[in-house]
């Protein structure tokens, strides 16, 4: 009887990551999306933004195929941020069918974002 001697961990799906969106790709990737979109407005110098980045990436994997998770760097895409009244970061917006359904301001726990996703109408 053969034994497996591999020490490699079991194969797992690669982690999904939030997609970077900018002023140019906003309409196509967010407003015209066929699935709901969780949008994380952030900046590289923002400490709380770095705290929720792994949570947003985790949600991208947890909800792969059900929602799209994207990130908008407010320094590089000021028009989109200004257009949605983003005054503090991190701010997370949740869209469905091109319409903003919810706004969450600040570094919040994963459970808060999950609740926002789960309460969205089908």
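Just so you know, glycine gets a Cβ as well, placed from its N, Cα and C.
Quick caveat, the model's predicted, so the values are computed rather than measured.
Annotation comment: TrEMBL describes 7-122 as domain 'Thioredoxin'. Helix, strand and coil counts from DSSP across the domain 'Thioredoxin' (7-122) read 37 helix, 30 strand, 49 coil.
Residues or ranges marked as site 'Deprotonates C-terminal active site Cys' by TrEMBL: 40.
Under 8 Å, Cβ to Cβ, and six or more positions away along its own chain, residue 46 (active site, nucleophile) finds 89, 90. Annotation source TrEMBL lists active site, nucleophile at 46 (among others).
Summarising the annotation, TrEMBL assigns disulfide bond to 46-49.
The site 'Contributes to redox potential value' annotation in TrEMBL covers 47 (among others).
Sequence-distant contacts of residue 48 (site 'Contributes to redox potential value'), defined as residues of its own chain at least six apart whose C-beta falls under 8 angstroms from its C-beta, comprise 89, 90, 106, 107. According to TrEMBL, the site 'Contributes to redox potential value' annotation covers 48 (among others).
Taken from TrEMBL, the feature active site, nucleophile covers 49 (among others).
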Neighbour tally for residue 47 (site 'Contributes to redox potential value'), based on other Cβ positions within 10 Å of its Cβ: 8
Close in space, distant in sequence - residue 40 (site 'Deprotonates C-terminal active site Cys'), Cβ under 8 Å, 6 or more apart: 18, 49, 52, 53, 56, 69, 70, 71, 72, 90, 92
